[in-house]
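Trainee: Relevant sequence annotations retrieved from Swiss-Prot are reproduced here:
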BINDING   78, 83, 129, 130, 148  S-adenosyl-L-methionine binding site
REGION    218-237  region 'Disordered'
């Protein structure tokens, strides 16, 4: 997917990038490749692949109408090189973005990236989701939490649901079918007072399958969740 094809694909969804936004995506690509030589951010570095498998893939929540250009608070857990939240921020500048990542090198990259992209309303924190999820400054503070290829839903739900406001939504982006994951996660979702409200299967322009699972928080999360760092992975709910 060349940049021009990327722009055209967005126009099909009535999203028209201005020259500054197009330049932001180009600088994003250049910065990603440059930093990838220093720290391992992605195995995908060919320009057309980055535009398809990172940029286009990341904005799926916008293309499918789950996120609007509004000043909502969005938390991205384990964003790595900034996916999916930074591409969405470029398209919808009103979004207030927070990223938590467990690797400090990635946070350093993201801070530099936000500077060269001239982004405002982006916040980066190094640490574990389990720890931040018990912090009153983060717990129940977000309208939307996104997670792209982070963990199985049984684990991911405990790492993300505590951050949501009541009726807030988790958007889990996956490359594989999640039917079995959702079956395995039934107990976790019940304990966390949350419910799957949609499971959307779609395709990238090249035909690759993708999935967005949307989970809504129905009641306040019990105080004991999330458990201490590492426990959700070792002993899933």
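Glycine residues also receive a Cβ, built from the backbone N, Cα and C atoms like all the rest.
Owing to the predicted nature of the structure, the values given are computational and were not obtained by experimental measurement.
Situate these features within the shown structure.
Mentor: When secondary structure is read from DSSP and collapsed to three states, residue 148 (S-adenosyl-L-methionine binding site) falls in the strand class. Less than 8 angstroms from the CB of residue 148 (S-adenosyl-L-methionine binding site) sit 57, 58, 78, 79, 80, 83, 84, 173, each of them six or more residues away in the same chain.
Sequence-distant contacts of the region 'Disordered' (218-237), counting only residues of its own chain at least 6 positions beyond either end whose CB sits under 8 Å from a CB of the stretch, comprise 128-131, 133-134, 139-140, 151-152, 154-155, 157-159, 161-162, 164, 166-167, 184, 187-188, 191-195.
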Trainee: Tally every other Cβ atom lying within 10 Å of the Cβ atom of residue 83 (S-adenosyl-L-methionine binding site).
Mentor: 24
Trainee: Cβ-Cβ under 8 Å from residue 129 (S-adenosyl-L-methionine binding site), same chain, 6 or more residues apart: which ones?
Mentor: 77, 78, 100, 102, 159, 160, 163, 226
Trainee: For the region 'Disordered' (218-237), DSSP counts of helix, strand and coil?
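Mentor: Computed counts for the region 'Disordered' (218-237) are 4 helix, 0 strand, 16 coil.
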Trainee: Using a Cβ-Cβ cut-off under 8 angstroms and a sequence gap of six or more, which residues of the chain neighbour residue 130 (S-adenosyl-L-methionine binding site)?
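Mentor: Result: 159, 226, 227, 228, 229, 230, 231, 232.
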